[in-house]
Amino acid sequence: MGLPWYRVHTVVLNDPGRLLSVHIMHTALVAGWAGSMALYELAVFDPSDPVLDPMWRQGMFVIPFMTRLGITNSWGGWSITGGTITNPGIWSYEGVAGAHILFSGLCFLAAIWHWVYWDLEIFSDERTGKPSLDLPKIFGIHLFLSGLGCFGFGAFHVTGLYGPGIWVSDPYGLTGRVQAVNPAWGVEGFDPFVPGGIASHHIAAGTLGILAGLFHLSVRPPQRLYKGLRMGNIETVLSSSIAAVFFAAFVVAGTMWYGSATTPIELFGPTRYQWDQGYFQQEIYRRVSTGLAENQSLSEAWSKIPEKLAFYDYIGNNPAKGGLFRAGSMDNGDGIAVGWLGHPVFRDKEGRELFVRRMPTFFETFPVVLVDGDGIVRADVPFRRAESKYSVEQVGVTVEFYGGELNGVSYSDPATVKKYARRAQLGEIFELDRATLKSDGVFRSSPRGWFTFGHASFALLFFFGHIWHGARTLFRDVFAGIDPDLDTQVEFGAFQKLGDPTTKRV
C-alpha cells in the first residue's frame, strides 16, 4: 500500500475485526510490560531495610502501585513492612506479576485469532452487508462495564468487604499498612488526603457509570446530535478516548506531585513541598518540645524521634532535587542511607543556640549561614576570610549531637564544626554508603518525580492528539472536499469541477 509511517493506522479504519485485534495486542504489550517490570524490580529490590532503604529510594516504579492496592508479601519470604512471612499466598508480588504475564500471553493469542478471523458476522451491517460498528451501543456497553468495575473496586476491594483494602498511613508516613477503608460520604471525602474519599468516589462514580451505560444502551441519540458530533465515525471515538486519557494523566500527575491519599509517601517518597514548608522539621521540633515539657533531657527527647521521620527531613529525598537527565535511583545518587548521626545543635561562645539556614529546593550550592532564635545572623562560613566578621573561628561555634549515632558527642574544632554545618544545610544528617553502588554523590529524583514528568509530558502530547483527531472528524468534509450529505450520484472524474454538471468533460 506504501503508506507513510504516520498514516499506517488507516489500515484498521474500516476493519472492525482487526481494529479489535490491534487493541487486544496493545493490552497484551501493556500487561506484559507490567509483569516483566515487576519481576525485574523484584530481582533487584532489597527489602532488608524498609526505614532507610525503602522502595522509593531504590527507584522501584511498579512495586509501589502493587503495594498501595494491598500486596505486601513476597514468595521470597519477606514482607514490605519488614520481617519474614511463611505463607504469602497466591496474591504476592510474584503472583501478581505472573498473572499479568499469563494474561498478556492470552491476549497475544486472542489478538492473533482476531487478526486471522477478522470478517465476523457481528461486525457486518445486515442492511448493507458492509463492515459496521454501532458506536453509541458500544459506548453504552463500555460505560456500563467500566462503571461496574469502578463500583466493585470501591465497594469491595477498598472497603475490605471482598479484598485486602488499600495502603493507609498517618500524615507523616510512619505507620503505613494495608487496611480496610470505610467510605467518607461527608465533606471530608473531598479532602484529597482522606482515604475514605477513594472508596466513596469509586462507589459514586461507578453508580453513575452503570446508570449512564444503561441509558446509552436503551436510548438512541437524536439524528441531529448523531450527525453533529459525528457519532458514526470511528475517529470520533479515537478523539474522545484520547481526551479521557489525557485528562486522567493530568489529574494523576497532580495527585502524585502535590501528594494525596492515593500516593503515600512511604511508597513514593515525600513531596518537594514537604521540604519547602519544613513539614517534617516542624513535627520533629513539636515532638522534642513535648518531650522537654515532660521533663526529658534534650538527649532523651531527640533519641525518641523515629529514624524514619528524621530521614524524611533530608533534602536528598526531595523529588525536585533530581535532574532531568540523571538516570537511576536515589541510592545511585547520594548513596544508601546507613544511619542517622543525630541532630546537631550549634552554639556560639555566648551560649546562644544557632540554627543553620537550610538549602532551598532549587539551589545546588548555598551559603552556610547560622542564625539565632530571632533570625539574626550570628555566624557563617565566609567566602572571603579576609573580610569575615562572623566566621566559625571568630564566633567560637561548637556543635553537640542529640539522638542518633553521635548522641552526646560534641566538637569545638572549627573544621569539624564547619563540616557538620554544611551537612546541616541539607536537613538531618545521615551516614551514606556510596561505595556499594558506586554512587556519584549527585541527587536523583524519586519515582514520584519520574511518574509526574512522564504523565504530564504524555498528557500534553495526548492533548494535541485530541485536538488533531477531533478536528479531523468534525471537519472531515472540509478536508476531503466532499459534502457528506450529498445525495446526488457523483461520477468521479466525469466533471472538471467535482459535482458540477455544467463542467462535463468532453
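First residue shown is number 1, and so on along the chain.
Heads up, the Cβ atoms here are built off N, Cα and C, so glycines get one too.
Residues annotated as transmembrane segment in Swiss-Prot: 21-36 (among others).
Look at Swiss-Prot and you will find 101-115 (among others) tagged as transmembrane segment, backed by sequence analysis.
Under the heading transmembrane segment, Swiss-Prot lists 140-156 (among others).
Only residues 6 or more beyond the boundaries of the transmembrane segment (203-218), in the same chain, are considered here, and those with a CB under 8 A from a CB of the stretch are 136-137, 139-155, 183. The feature transmembrane segment is assigned by Swiss-Prot to 203-218 (among others), with sequence analysis given as support.
Residues annotated as transmembrane segment in Swiss-Prot: 237-252 (among others). Remote same-chain residues near the transmembrane segment (237-252) are listed as 135, 139, 451, 455-456, 458-460, 462-463, 465-466, 469-470, 472-473 (criterion: CB distance under 8 Å, separation of at least six residues from the stretch ends).
Away from its own ends, the transmembrane segment (457-472) comes close to residues 235-236, 238-240, 242-243, 245-247, 249-250, 253, 479 of its chain (Cβ-Cβ under 8 Å, at least six residues beyond either end). Per Swiss-Prot, the feature transmembrane segment maps to 457-472 (among others); the stated evidence is sequence analysis.
The recorded stretches the transmembrane segment (101-115) and the transmembrane segment (140-156) do not share 3+ CB pairs below 8 A when only pairs 6 or more apart in sequence are counted, and are therefore not in contact.
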